[in-house]
Amino acid sequence: MTKKIIFTGGGTAGHVTLNLILIPKFIKDGWEVHYIGDDNGIEHQEIKKSGLDVAFHTIATGKLRRYFSWQNLLDIFKVGFGVMQSLFIIARLRPKALFSKGGFVSVPPVIAARLLGVPAFIHESDLSMGLANRIAYRFATTMYTTFEQEQTLVKLKHVGAVTKVTAPKSHSVASKQLAAVLEYFDPNLKTLLFIGGSAGARVFNRFITDHPELKEDFNIINISGDPSLNELSRHLYRVDYVTDLYQPLMEMADLVVTRGGSNTLFELLAMRKLQLIIPLGKEASRGDQLENAHYFTTRGYAEQLLEQELTLPHFQEKVREVFAKQSDYLSAMTSSSELQSPESFYQLLSADISSATKEN
């Protein structure tokens, strides 16, 4: 009988990326792969775009809020209906395991898996669990964590960050692919790369627009998320979105100015890039980026600047500070043991699935 596994997770790219890394490995080993998500979510878009042989099953999903809202009442029914749909899907497929990367759409399948006796494995990217994973943890077999946790919860297993990204071996790729950009850049200036999510990028975009004098001291790469800003001019390259150029652009950067999302932070750690983290505050998030940034700064991987302190003088001071302590940051990143290759995590997950199914 063909082994089956169900993946779930969505809402943001960060809740899909690891699944897309793992799915080809399961397919290669002869597994039949299914995905439970939202037809209108990024998870459905990414699965279709990947071309992977994956059967997609859609369920109802609702956002779980930490504050009172009448919408919560409707969403409770949506989540309940999503659990019923997931029960039907999982009972019909009879998979050996379910793997969840989080997000609100993942809660019903994890609950359903537990009710049907199917081992459920969850991956948590942030230092503290989001609401969805806090609920899902109660129904999980194992929760893998990216960050070392102070809490000693019995089902937690620290694995570090799972990433395909590695430290660049040379700058030749960047030189070939971005020859036009390099013509506008001054090789005698340091290159800063700004990258953030949708809300985070807008703050960076405005900061760069408001301070054209930055271009006198640095080459600037701005991954903006806004095609109307696309520009290539003296000491400035603004691009809305990158895929194949992501790694070459990172190779060009001497320092990356980023938000505090864990996926990006650990990719930069893997590439050993100097980082200045400007995390989203509690007014725009649940505070997870502040926690992630604090974790990275206390371990000597990066420097932090709070968004409310983002003025040109403060920014320039922090950038100078990072470059002054460059060797310290690189030493800390080089000696870090917080990264794991996709292959090693796949082997660990496979072993845990085998162990859990034997126990059942």
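We number each residue from 1, going along the chain as drawn.
In case you wondered, yes, glycine gets a Cβ from its N, Cα and C as well.
Per Swiss-Prot, the feature UDP-N-acetyl-alpha-D-glucosamine binding site maps to Thr12, Ala13, Gly14, Ser198, Gln289; the stated evidence is sequence analysis.
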*Hey, does DSSP put Thr12 (UDP-N-acetyl-alpha-D-glucosamine binding site) in a helix, a strand, or just coil?*
coil
*asked:* Centre the Cβ atoms of Thr12, Ala13, Gly14, Ser198, Gln289, go out 8 Å, and tell me which other residues of that chain have a Cβ in range of the UDP-N-acetyl-alpha-D-glucosamine site.
replied: Gly197, Gly261, Asn263
*Drop a 10 Å sphere on every Cβ of the binding-site residues Thr12, Ser198, Gln289 and tell me which sphere holds the fewest other Cβ atoms.*
Ser198
*Report the same-chain neighbours of Ala13 (UDP-N-acetyl-alpha-D-glucosamine binding site): residues 6+ apart in sequence with Cβ closer than 8 Å to its Cβ, ordered by sequence.*
Ile42, Glu46
